[in-house]
Ligand code: IPE
Ligand code: IPE
Ligand code: MG
């Protein structure tokens, strides 16, 4: 009863997962979940219906990633640029974490998933922060999949903040300019406790990064699909993982 959707029982329902070379499963998968609005429009529905439906895809992919043994799953849920959208849409998006977690938090806990948030908290409404924090606290001791929501996240802001903090350390005599290196930079990024993504997936046919993890994606494998996020299933996820397994990562070497 407890493992209604998660774990081994579910995996048997999706035989295509078995065809994957599991040793090639990426440690960290990041996803730009895009196309909710277009998906809704194509069905004559309001854009927010696409966001609502996108929550189900979040659940599907979380299950699939957990089952496959992916260690970190970062989902781009709201960018620092998404505030430009109409207020009603932004308000709806800000309620989604609550809605998602109200339904799913118990199962996330049961399945050892650790929820985290990566983004600027101060601009988020209190109810959004409260929902995220409850999930983060209640799953903090879990040791399974890290489900990292990029919420009010922007890569340029993240890097500018890192540079500011480093400059302040230099000014205060705590750090010498010649000691600034990749590791120093990474200590100041919002992703500091995470390894770089091995695989980036973007849905909806857009071929851009939209200010997402620009530093961290330096050597990530990129995988794009035309499928809109609400119709992204575990099968698409396995397809991306299988393709990742066929890639040769060279990091500039041979
Ligand atoms: C992704 O879908 C969700 C967010 C950016 C919050 P969109 O809302 O960007 O959907 P499209 O790209 O307009 O179809
Ligand atoms: C990127 O999608 C942000 C998220 C998925 C949260 P957008 O829909 O905001 O990106 P652009 O505007 O098409 O580049
Ligand atoms: Mg979009």
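Even glycines carry a Cβ here, placed using N, Cα and C.
Remember, TrEMBL labels are computer predictions, not curated facts.
The Mg(2+) binding site annotation in TrEMBL covers 34, 221. According to its DSSP assignment, residue 34 (Mg(2+) binding site) is coil.
The active site annotation in TrEMBL covers 34. Around the Cβ of residue 34 (Mg(2+) binding site), the same chain contributes 202, 203, 204, 206, 210, 228, 229, each under 8 angstroms and 6 or more positions distant in sequence.
According to TrEMBL, the substrate binding site annotation covers 35-39, 47, 51, 79-81, 83, 85, 202, 208-210. Here residue 209 (substrate binding site) comes close to 32, 155, 200, 217: these same-chain residues lie at least six apart in sequence, with C-beta atoms under 8 angstroms from its C-beta.
DSSP assigns residue 82 (active site, proton acceptor) to a helix. Of all the Cβ atoms in the protein chains shown, 17 others lie within 10 Å of the Cβ of residue 82 (active site, proton acceptor). Here TrEMBL flags 82 as active site, proton acceptor.
Among the binding-site residues 34, 35, 37, 80, 83, 221, the residues whose Cβ sits under 6 Å from any atom of ligand 1 are 34, 35, 37. Ligand 3 lies under 6 Å from the Cβ of none of the recorded positions 80, 82, 221. In the three-state DSSP scheme, residue 209 (substrate binding site) is classed as coil. Ligand 2 lies under 6 Å from the Cβ of none of the binding-site residues 37, 39, 80, 202, 209, 221.
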